[in-house]
């Protein structure tokens, strides 16, 4: 891969003007790039969080693929998402405990109570196999977990958190209905330090790398990993990227690049993202929850009409919409819950 249009410089060597956010725009191009490796006070924690969320996302992808390929499935059968929920939490818990054995606290959704009941062994065995397969694919940990190891990892998410010390907070699968439908869902992980959020990672296995409203894009690659540290900006890279380098892309004369270079940059380093700068409602697109039960679509439509928004709403499941908004795919998000 040719990257002669990219050079890496360090702040200690050269001082550069404040970075302009890099945004994909087709079919323009730009050849003047530099990048600055940004030092972070939570480097190790962010690296571990990205690995944990990525492994959990791989497990969920495998379960969802199996679900969608199944010839027989009940609309009321929630066992696939149950497997993915437990497996996702077990993986995240295991990775974080391996990386931070002396200071580990996880606030999560699941516990092993139901999995320890009579008749649940087949489900537990399936979860255990998925967890071990995911760990083996990463090759970072030479270990095979027993069913009891997996159950203990799930139960490690029972912390109550608090304003003292560090606490990880996990939603192993956000967007259950989207997951079952084959749509959008996310694995959301954050770290609190003395009561304040200091970093966050959002794995979106089905979100395209290019803007979701770009209907002319020939690229159909999906799987995004968003990550951010307090005071350090927000970034995106492919879910399957092995890069652990965080960069700020700087373009002196342009803020738009062609798609091929945009995708190369994402795969190499990840890119800084920025919300939409559109101020005219007529040019804006707006997001809302996919499920009508989560938001009053009729009222959202009426508000959009009053504002002069011309584009139809983009309906997305789960916290994936926040990732898409953070990179400028949409300019407005409306969630108007029903009463009660």
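For all residues, glycine too, the Cβ spot is worked out from N, Cα and C.
Note: TrEMBL annotation is automatic and uncurated.
Worth saying up front: this structure is predicted, and the values here are computed from it rather than measured.
What TrEMBL records for 109, 171, 173, 174 is Mg(2+) binding site.
When other Cβ atoms within 10 Å of the Cβ of residue 173 (Mg(2+) binding site) are tallied across all protein chains shown, the result is 27. Fewest other C-beta atoms within 10 angstroms, among the binding-site residues 109, 171, 174, are seen around 109. The Mg(2+) site is defined by 109, 171, 173, 174, and by the 8 Å test on Cβ atoms against their centroid, the other residues of the chain that qualify are 85, 88, 170, 172, 175, 186, 187, 188.
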